[in-house]
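To start, the structure itself, in structure tokens.
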Amino acid sequence: MFSIKNFPTLKTHKTIAIIVIVLYLLSLTKSLYTSRLGFGLVDEGENVHNGLRIINGEIPYRDFFAYLPPLKNTWAAFAFKFFGVNVYAPRLLSSLIFSFFPPLVFLLARRFTNLKYALIPAILLVFAELNMERLYYYSFIFAGFYLFVRDFKSDRKVFLLLSGLLIGIGSMIRLDAGGIFFLGLSLGTLIYGGFFFFRKVIPLFMIGFTIPFIILLNWLVRNNIVEIFLKRIFINPYLMTKVYSLPMPSFFNIFPKNITPQDLFRSYETIFLYTILSIYIIFFVYLYRNWKKVWTKNFELGTLSIIGILLMPYMLGRGDMGHFIKGGIPAFILGTYLISKTNKFKVITASLIFTILCSGIAQVIWATKFYDTKLTFDTGSIFLNSSWPKNSTLISADTINSAIEFVKSNTNRDEQFLALPYMAGLYFLSGKTSPMYYDNVFFTYLSSETDYLNNLKSKDIKVVIYDPLNGPPSDKKSIAQYYPRIHDYIITNYEIVTETQEGWLFMKKK
């Protein structure tokens, strides 16, 4: 009978290589399967639409709104170059890169524990959430982290340079994540070896890290967009978090009120969150009691605890599963260490691991049934939901298909249309680009309603897809309340042809 105790002890490099390959293939298979399901009009829609604008010659920040580093915006463009302009292309590229992440976590955990425990965080990362490939940038960051902790005490200094370069590349996709790992490794090195050792190790690491930033600065200067880039990167994310912050789930959300997918998933989110927080708290207590032992023998764990502290605002700023995972990645590894070092709470720990694993598999099964309608457009095929969960942006397949057909029927090939407030994905699915600088008009994006309105009036827009009341799920005001002048202009100058169950208005110019 299988049990942890009789799990074979495997130590050869060949066996580790086989496990790494199997983990990669497992992650890739799961990612490729689930990535065909659903389509996010908001974030994913904006990403693929930005990619379409880039391959059409537009420059991020200057020609269209963007608030993330340039490699994030050009990721979809790269995918289109490799695999063609298809909605599936960025998902494929992201899946191929993300699938290196679980094996890297396994190799890192293998430094302080045996194979049977090192597999735990790697497998959990594969199934933690439905679309884990969105965290593809962590493959670059964690590869750099692994090289650093493996070689920072050796004479192979070239790996310090490569480590910094990989984390720098990750920063070009998510500046916050890459910057936090760079800062965490720097502080960890200072704590581990003091200032003298810090001066010996960090400069080469820093050179590698700054290479992508030098390339970025050169690109910004050549396109004369330094000032606008800084505003978009640092001011807009703060404003978006302020407006769209979601409350932390109460501990009692662990117990679902109803047996519905929404309540069950909220329960899973809550279990996941409080598991991560518990791991952090327990490890910080352990670190306090075993400070010298941890920093002497397991530098990577001490450094990950620093990174965990720096990542916690992800969980505190926006209470959803994606941000819980981003803020909790170090906890996957720290928790594995705690499990391997103590016999306490093993039954509880095993239950939590089983819950997370089963919940991840259940999400895949549920998504397969929920996204039950295949739609084919000029830019590829996607599976969408036939039903519409109220007060969500999971718009039904019929509505999205009808919107694209409405646009095609009422515009010529080169004519543009307007989609407001959060429908950037419609531009991509229709094969058209936004006529405006802002494709997703979230409430904090517009610096001036007047400028936007004047720009809109100068365009010959014949078709509008408009959602005046619902918008992204939020307790805040609707777009009609935030931007009454834009709302009045649309209602006054366009007539309603169709209204969908979600409240979308298909409109033509009067």
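Glycine is no exception: its Cβ is also placed from the backbone N, Cα and C atoms.
Automatic prediction, not curation, is the source of TrEMBL annotations.
Annotation source TrEMBL lists transmembrane segment at 12-33 (among others).
What TrEMBL lists as transmembrane segment is 88-109 (among others).
Among the features that TrEMBL reports, transmembrane segment is placed at 158-175 (among others).
The feature transmembrane segment is assigned by TrEMBL to 180-198 (among others).
According to TrEMBL, the transmembrane segment annotation covers 204-221 (among others).
Here TrEMBL flags 233-251 (among others) as transmembrane segment.
If you look up TrEMBL, you'll see 271-287 (among others) marked as transmembrane segment.
The transmembrane segment annotation in TrEMBL covers 299-317 (among others). Long-range contacts of the transmembrane segment (299-317) within the same chain, counting only residues at least 6 positions beyond its ends with a Cβ under 8 Å from a Cβ of the stretch, are 108, 111-112, 145, 149, 152, 177, 180-181, 183-185, 187-189, 191-192, 241, 245, 248, 273, 276-277, 280, 283-284, 287, 323-324, 326-331, 333-334, 337.
Within the chain, the transmembrane segment (323-340) has long-range Cβ neighbours (under 8 A, six or more residues past its boundaries) at 105, 108-109, 112-114, 117-118, 120-121, 124-125, 128-129, 132, 135, 138, 177, 269, 272-273, 275-276, 279-280, 282-283, 286, 298, 300-301, 304-305, 307-308, 311-317, 346, 349. Residues annotated as transmembrane segment in TrEMBL: 323-340 (among others).
Annotation source TrEMBL lists transmembrane segment at 347-366 (among others).
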Tertiary contacts of the transmembrane segment (180-198), defined by C-beta under 8 angstroms and 6+ residue spacing from its ends, are 141, 144-145, 148, 152, 164, 167-168, 170-171, 205, 209, 295, 299, 302-304, 306-307, 310-311
Mind checking which residues reach the transmembrane segment (12-33)? Cβ under 8 Å, same chain, six or more beyond either end.
91-92, 94-96, 98-103, 106-107, 110, 115, 119, 122-123, 125-127, 131-133, 364
Six or more residues out from either end of the transmembrane segment (204-221), which same-chain residues have a Cβ under 8 Å from its Cβ atoms?
69-70, 148, 152, 157, 160-169, 171-172, 182, 185-186, 229
